[in-house]
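A.B. asks: Per Swiss-Prot, the feature transmembrane segment maps to 17-37, 72-92, 99-119, 125-145, 170-190, 195-215; the stated evidence is sequence analysis.
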Amino acid sequence: MMTNLFSVFDPSAIFNLSLNWLSTFLGLLMIPSIYWLMPSRYNIVWNSILLTLHKEFKTLLGPSGHNGSTFIFISLFSLILFNNFMGLFPYIFTSTSHLTLTLSLALPLWLCFMLYGWINHTQHMFAHLVPQGTPAVLMPFMVCIETISNIIRPGTLAVRLTANMIAGHLLLTLLGNTGPSMSYLLVTFLLTAQIALLVLESAVAMIQSYVFAVLSTLYSSEVN
């Protein structure tokens, strides 16, 4: 039994070299190969997914969105999805379960949106602080509420992704630790439950990467 359930998320070192975070960038070695190799079925399916995301993000950004602005969110989706799936494999470091990575993705994006909006569309940003139809008495409270909700956006983005990744891995760890003390019959049910949970975690990995990218797109559309 582990002394600490969260030890599965601890970075480990090989020959005193911390190579865990390098797994985050393995996608950069695999994805570019589609540009000089014959496209496989995997490449065709992946390109169709990216095209669908491009159309959806373009709709969310609206007509005022700049050309090519969807590609940053598609890249964000691809990076998070790849690392979420990599973390499901045994003995591979789960980088998206650390706020170090998720907050470093969410905070610079939000900060860029805020700087761009307040510098170029100041009146538009002030108008967002008071929703349409708000009574005059409630306007000061709405300004405070909208300001707080705006400030905590990068934190909620980062914590949502991290918490979902940690929760699933902890459940798999808890179930796995009970295996040695079970009979063969119960181990069969345990393996079935773990496989079902692994399928659920795969769905969560896709959903959370999509949610992160869509919310980032919506936040950027508010400053245009």
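Glycine is treated like the rest: Cβ placed from N, Cα and C.
Note that the coordinates shown come from a computational prediction; the quantities given were computed from them, not determined experimentally.
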A.B. asks: Take a look at 72-92, 170-190, 195-215 and tell me which one has the most Cβ pairs under 8 Å to the transmembrane segment (99-119).
C.D. replies: 72-92
A.B. asks: Could you tell me what the rest of the chain brings near the transmembrane segment (72-92), counting residues at least six beyond its ends with Cβ under 8 Å?
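C.D. replies: 23-24, 26-27, 31, 50, 53-54, 57, 101, 105, 109, 161, 165, 169, 198, 201-202, 204-206, 208-210, 212-213, 216-217, 220.
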